[in-house]
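Peer 1: There's a structure below that I have some questions on.
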Amino acid sequence: MEVSAFWMSLAVVLALAKIGVTEQSIPTTLDGPFKPVTRRFDPSLRRGSDDLPMTHPRLKKNVTANFPEQIALAISSPTAMWVSWVTGDAQIGLNVTSLDPSSVGSEVWYGKESGKYSSVKKGKSLVYSQLYPFEGLWNYTSGIIHHVKVDGLKPGTKYYYKCGDSSIPAMSEERTFETFPAPASNSYPRRIAVVGDLGLTSNSSTTIDHLTYNDPSMILMVGDLTYANQYLTTGGKGASCYPCAFPDAPIRESYQPRWDGWGRFMQPLTSKIPMMVIEGNHEIEPQVDGITFKSYLSRFAVPAEESGSKSNFYYSFDAGGIHFIMLGAYIDYNRTGAQYAWLKQDLKSIDRKVTPWLVAAWHAPWYNSYASHYQEFECMRLEMEALLYQYGVDIVFNGHVHAYERMNRVYNYTLDPCGPVYITVGDGGNIEKVDVDYADDPGKCPSPGDNIPEFGGVCHLNFTSGPAKGSFCWNKQPDWSAFRESSFGHGILEVMNSTSALWTWHRNQDTYGEDAVGDQILIVRQPEKCLKDSKLQQSLPPSSSSSSSAGFRNLPHGFSLVSQLFGGFFVLCLLSWSGTRCCRVPKPEFTASCRGSNDLCLKSK
């Protein structure tokens, strides 16, 4: 135990040294709550950019006949991976004819050595249509979409694979993926990218290029993927405001070839690392007979059945020692509904000894100080927040608002050291531009009749306590909003051990800066303090690593003097060696004071 505790502490210090805490230390949630900070929109930057045309090299089809394209991976379980792809040509026009999904087989050949495929799995295929029975509107029918579950895999192992139909033959080039480590309190994915509201603009390209440079092992996509419903049916320039461009349209039409372009755009990433998606409002895409979400439900394989869900709108999965819960904001979330019942059962089934970290994601945020979408999903919060708090959710990721915001730990609009850290990353780069107005700015507070959700009820409220008591909006940045900035970008989550995870937000304007970060914090769990339920307490993992989250504030009692001296000397040498990598980009000031020389907090200026 002494050796294990030492190396766990050493691992955290080395990880922090690598990212450059030698010149400017990283704040931790233990130092919060922080004084709210706003970094205003940089007027030298553009608020948005145009959509990429369908003729763009990253969106064009580059395979012939029935060869696979738009290849994408998704986690099924710790020992299984979904492989999805598309074959054949989609059609768009007034009259379209669907392809026969049985005309092309669905096979994945795979093995542990390049060129040696010891196993083959077969799956299912389908086509879908997007139909508009209105004069002048174009219909669409997809290529053949294939989904194959490759199971019986070994955790933490690299596999080589091809997909397609060997009887034609029409197989893809060889690609690789690596399974995650088995769920355990001491094993985690290397790096998880989080992005939302991506779209297909020049800004989207910058986001994905920057994200690729940061070399993640998984992508968490929190809704609003393609913005196909913002693109002109005539294939022209994208419309940032569909109702403005088409005030007399009989339906909010969607240009479905954008989905095919998006699949090609993402393939360099999604064919080698899993992408876990959840629906947003731009995936609703209504069509004839009240059908919605057809593209989303057809194109993505998710572990719904594997996690006991009967709907692809909500599901869960494990990635090493992290349990992810993906919730649907555009399907019934009431306490009497199927999603809530599933969520309650899923939370009950989690063993925090095996998966200490509990991360939730859905599209529309509950905590948001921007004028855009302000209090839009209060009804969902009122239905579900208490349950998530009860089971100790650690982090919540959202999109929808086209900007970045990180909250202090909060529950029911009250600062709470046991509340989740809510983070909004709806700043992927879509056509609708970045949001710049705050609800607390003079004249920017929405009226209670604004921000009506596309699904669910309206539960706008005036605050009943605190500085905003009796008001719909604060007159300053709310105390639960720790940091906000109007910039495009993405985030990276790096879980270090059962109690410490590093969150870094990367701005597009800082692309490829070696140590450039827009926001960074070490998120620290306190399970002994916050998981008060007796059953949850019984499932806590060993707490030897909890002290490591704050450097060497509290060395394990069993350390011998020799171990401490040797370890300290070794760490100092490595810190000195890593000194060339230090944070040179200014970070926002936090009101955390250093309580000791080993505290991980931002130094005062």
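From the backbone N, Cα and C atoms, a Cβ is placed for every residue, glycine too.
Note that TrEMBL annotation is computational and uncurated.
Feature annotation from TrEMBL assigns domain 'Purple acid phosphatase N-terminal' to 68-179. Marked as domain 'Calcineurin-like phosphoesterase' by TrEMBL: 191-404. Here TrEMBL flags 472-510 as domain 'Purple acid phosphatase C-terminal'. Positions annotated as signal peptide by TrEMBL: 1-17.
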Peer 1: Under an 8 Å Cβ to Cβ limit, what residues of the same chain, 6 or more beyond the ends of the domain 'Purple acid phosphatase C-terminal' (472-510), are close to it?
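Peer 2: Apart from its flanks, the domain 'Purple acid phosphatase C-terminal' (472-510) reaches 8, 11-12, 15-16, 19, 26, 32-34, 36-42, 45, 185-186, 188-195, 203, 206-207, 210-211, 214, 216, 320-322, 356-357, 359, 367, 369-370, 374-375, 394-395, 397, 403-408, 410, 413-415, 421, 423, 425, 427-429, 434-436, 438-440, 445-446, 448, 460-463, 466, 516-527, 541-543, 545-546, 548-549, 585, 588, 590.
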Peer 1: What is the number of residues in the domain 'Purple acid phosphatase N-terminal' (68-179) that are helix, strand and coil, as DSSP sees it?
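Peer 2: Secondary-structure breakdown of the domain 'Purple acid phosphatase N-terminal' (68-179): 3 helix, 60 strand, 49 coil.
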Peer 1: Per DSSP, what is the residue count of the domain 'Purple acid phosphatase C-terminal' (472-510) in each of helix, strand and coil?
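Peer 2: Output for the domain 'Purple acid phosphatase C-terminal' (472-510) reads 3 helix, 20 strand, 16 coil.
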